[in-house]
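First comes the structure, then the notes that go with it.
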Amino acid sequence: MHNTFTHTKNNTHTKNNTQAKNSGSQTKSNAVSLNKPRKLTEADVTPESIFYQRRKVLQALGITAATLALPASAQADLLAWFKGNEPPKAPSGKPLTFTPSAAYHPDLALTPEDKVTGYNNFYEFGLDKADPAANAGTLKTEDWQIKIDGDVVKPMTLDMDYLMKCFPLEERIYRLRCVEAWSMVVPWIGFELGKLLKLAEPTSNARYVAFQTLYAPDQMPGQKNRFIGGGLDYPYVEGLRLDEAMHPLAFMVVGVYGKTLPPQNGAPLRLMTPWKYGFKSIKSIVHIRLTRDQPPTTWNLSAPNEYGFYANVNPHVDHPRWSQATERVIGSGGILDVKRQPTLLFNGYAEQVASLYRGLDLRKNF
């Protein structure tokens, strides 16, 4: 027997009785030639299933019969999306009190704030990079709660007020590397994921941590309409091994650039694992579950030959349709101001995390 604790906004606790994974080395393989990558097209950098979903939408809008064949609700969603009907504007972020960390790349040049908040992948709000900023104002973050359960001694439900008071916030400047071969440098504000998990006291059976994004089709148009959401199965889910989740680099983010997270960046709570491709850093988290078995993850379910469970940044293991040897740096310039740089193993965090994968073939376990 154990207890379930519910933390509410006034920090009262309601108790109810219930039943309740030195430098590592990857497996040696043939050397990989880091040839200059070919120029990428939209079809290259967009996941194949999403590219064809987008094409279908455009064709449907250009062919009346195809549009009329859609259900009435789908017609309305699509027409509203392309007519430019503006959703509610997202509220401005609130200033946060935090301590800047000197241990995490204070010397790196930051990506401009407008690029961090305006160039995003969050398919729940549309497929284009500008869609999340344009459409995420519908996301309601008031009274947000995070449920932690599974193989834990103390399952619990926590609200954001409690989390913000429970853990001292720090600012960490992390590299962000998207699987689409572009990168940013972002000043995230939050606390270590491991500290949160320790509250729930994982049992000896716990080997993995599963995460789930909010499922709210009335707020997230991509969940309501498969064309807008790229044909993915929602809610979005992700997972880590427990030792990855407990690593000090694994960070729960509540803010960016000194303020609370904007909706398009995953408000009010998201994950950041800087040594992995960006799709692992799940946004708008409502559920964390510790489990003995490896949990399913959205992109691996959608295209298992393209997106693995581990998703560690690795310049020697290409995506099936493009090179991962270099990355496009998102900076202050426009589309013609393109800077590329070599991609670093584990996104530059090899010294910290390589030991997690000692003996693991990173080509097979991509």
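Cβ from N, Cα, C; glycine included.
Here ILE282 (Mo-molybdopterin binding site) comes close to PHE211, GLN212, THR213, TYR236, VAL237, GLU238, GLY266, ARG270, LEU271: these same-chain residues lie at least six apart in sequence, with C-beta atoms under 8 angstroms from its C-beta. Following the DSSP three-state reduction, the secondary structure of ILE282 (Mo-molybdopterin binding site) is coil. Under the heading Mo-molybdopterin binding site, Swiss-Prot lists ASN120, TYR123, GLU124, CYS178, THR213, ASN265, ARG270, SER281, ILE282, LYS283.
Here Swiss-Prot flags 1-22 as compositional bias 'Low complexity'.
What Swiss-Prot lists as compositional bias 'Polar residues' is 23-33.
Residues or ranges marked as region 'Disordered' by Swiss-Prot: 1-40.
Per Swiss-Prot, signal peptide is recorded for 1-76, and the stated evidence type is sequence analysis.
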In the chain carrying ASN120 (Mo-molybdopterin binding site), residues 6 or more apart in sequence that have Cβ under 8 angstroms from it: LYS129, PRO132, ALA133, GLN264, ASN265
DSSP three-state assignment (helix, strand or coil) for GLU124 (Mo-molybdopterin binding site): helix
